[in-house]
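A quick write-up on the structure given underneath.
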Amino acid sequence: MEERTFEMELAGRKLVVQTGKVAQQANGAAWVKYGDTVVLVTACASKEPREGIDFFPLTVEYEERLYSIGKIPGGFIKREGKPSEKAILSARLIDRPIRPLFPEGYRNDVQVIATVLSVDPDAQPEIVAMIGSSVALSISDIPFNGPTGSVAVGLVDGKFVINPTYEQREKSLMHLVVSGTKDAIVMVEAGAKEVPEETILDAIVYAHQYIKQIVEFIEGIVKEVGVPKAEVVLHEIDKELEEKVRAYATEKIYNALRTPEKKERNDNLDKVEQEVLEHFKDEYPDNLADIDEVLYKIMKEQMRKMIKEEKIRVDGRGLDDIRPIWCEVGVLPRTHGSAIFTRGQTQVLTVATLGAIGDIQILEGIGDEEFKRYMHHYNFPPYSVGEVRPLRGPGRREIGHGALAERALEPVIPSEEEFPYTIRLVSEVLSSNGSTSQASVCGSTLALMDAGVPIKAPVAGIAMGLIKEEDEVLILTDIQGIEDFLGDMDFKVAGTEKGVTAIQMDIKIPGIDRDILQMALEKARKARLYVLQKMLEVIKEPRKELSKYAPRVVRMVVNPEKIRDIIGPAGKTITKIISETGVKIDIEEDGRLYITAPNLEAGERAKQMIEAITKDIEVGGIYLGKVLRIAPFGAFVEIAPGKEGLVHISNLSKKRVRRVEDVVKVGDNILVKVTEIDKLGRIVLSRKDAMPDEEESDNRKSDNRKK
């Protein structure tokens, strides 16, 4: 392929796409540059469809290379390891807008790899990778109903900003990523600081103007260098077989679908499947997979027909009805905060743990080093859906759901100054029937309030669905698993009473317009307020007191020049304070100091020890010190942690001393006076000058008796 370069202006910066330059053996490859960010995106597909599967085998990889920011990986191996959490989330961001645009029934393996080669903090590499994936697929022979365009939108000083710079992102009230085709929106992801729904909607519409420009730009590239699409050979089911299965199974599936309870419904559907397979096994012994596919079609059609014609869902709810909700807080006696949130057959246990400031998570990647004071982890065990499978580490889904719930609560987490703790939330899915991520949002709010974290406002989440048949559009509130599986949209919205804090929208159709988005957002707000009301019936506000098992934090501000004194030589001083009090100490460069203690008494003791260190030693001051060592010429006495001086043998007493041990021994607490601090900072002490007059008089009387 001939090397070609294409350029366009996007939000005040040049977007440059080069094709035919590198990776020429891939089906499609694009070298994309935006600002100083460079991403290589490749797309490859297998020549033959994968046999025996009923899904589209698409994989997306987002490869972070630390050389892109001029760094060498840490650790012993010195090379990149498994993908970071950020890389996994970026891969999901690329995957979601392109997945619905492949032909239905396409079963060839497709792999999209985005390799980040150079990073400009002002040009987010994930946005560049999303554009690059659309280019690579569109110019290739892989069947793809694109192209798509993608942009980020910020809200800075009341104005929308496309692809905001690093500085603008820091100031922005929201971070919105929107993908779409020329005609419709296909994916939305957002984190926001209680932004009204109308503003979110306006931002999506504003983004679509730029998406259209990107799509037009990519269409121009396709005209110049695109190759003809490969012919898709889709598996066709024998018409006679399909007619017979439909005639035999449709009513049975309809009746099984009308079962309100998920497990019973699934059992009934399984029975129908087994009955149908048994009925046709002799007539069509080699077409059992085709029969399964027909049964899936019937189930999808019947569920959607029920909603469209009867306005009733499989569990008997109306389109706007929310499943029964119950909540409980303080369910675990020894944790810092805990809650169970149940909505229908979806149930999540969320546990809050408070830690020291030093427990923050340090994230190293191709962006700036990040420090996370608040984190949310999501676990989805197999028992939550009644299955048996090996327990492994968190997968992409768990990481994605955890990040969504984390983003939803982030705007209401108190600042470090208000609440000097690291906060970790863990959501354990106990039972799943749709929208576990939004149940995690609700459970997180309850657990934080139970822990006494002074959140700015409670947050709730709800998942909306869509059934779109020709011109008829039906929005479903609080979708369950089967409605997500067989419906056209999964639109998760989380927020406070005031506004939206997080959005995630995925669709299975080519796109949706503003009217559908507006309808979904309005219904989501109404549902969210209802859920919030139910939650606040259980706990109205954060508890006034922390759990007795939670650590206590004592805050101090010290002179930054005294930090090295607190730490001491080779860390001896701070280690001694920690070992004697059982606390954890975190010191910032500006002098802010946090003592995290198991109880207030230990915290106050550590504080007093630190105050003694940071207090300047004054000549003429009298201190109670501890004898650390004895030498023939005197005693070394510690008058403050890490600060010791010498009491010469001649200054131990007002009478003549022959041996130091005759007056003091190691471990004695004695009063001493600072008589001198030399140029090297060495402290000269005197015991005799610290003696009260009475002791001096007693010494004289004793001396007279001896005479």
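Cβ coordinates come from backbone N, Cα and C, glycine included.
When secondary structure is read from DSSP and collapsed to three states, ASP484 (Mg(2+) binding site) falls in the helix class. Listed in sequence order, GLY434, SER435, ALA463, GLY465, ASP490 are the same-chain residues at least 6 apart in sequence whose CB falls under 8 Å from the CB of ASP484 (Mg(2+) binding site). Annotation source Swiss-Prot lists Mg(2+) binding site at ASP484, ASP490.
The annotation compositional bias 'Basic and acidic residues' is assigned in Swiss-Prot to 698-707.
The annotation domain 'KH' is assigned in Swiss-Prot to 551-610. Residue counts for the domain 'KH' (551-610) under DSSP, split into helix (H, G, I), strand (E, B) and coil, are 32 helix, 16 strand, 12 coil.
According to Swiss-Prot, the feature domain 'S1 motif' maps to 620-688.
The region 'Disordered' annotation in Swiss-Prot covers 688-707.
Across the domain 'S1 motif' (620-688), DSSP helix (H, G, I), strand (E, B) and coil residues number 7 helix, 36 strand, 26 coil.
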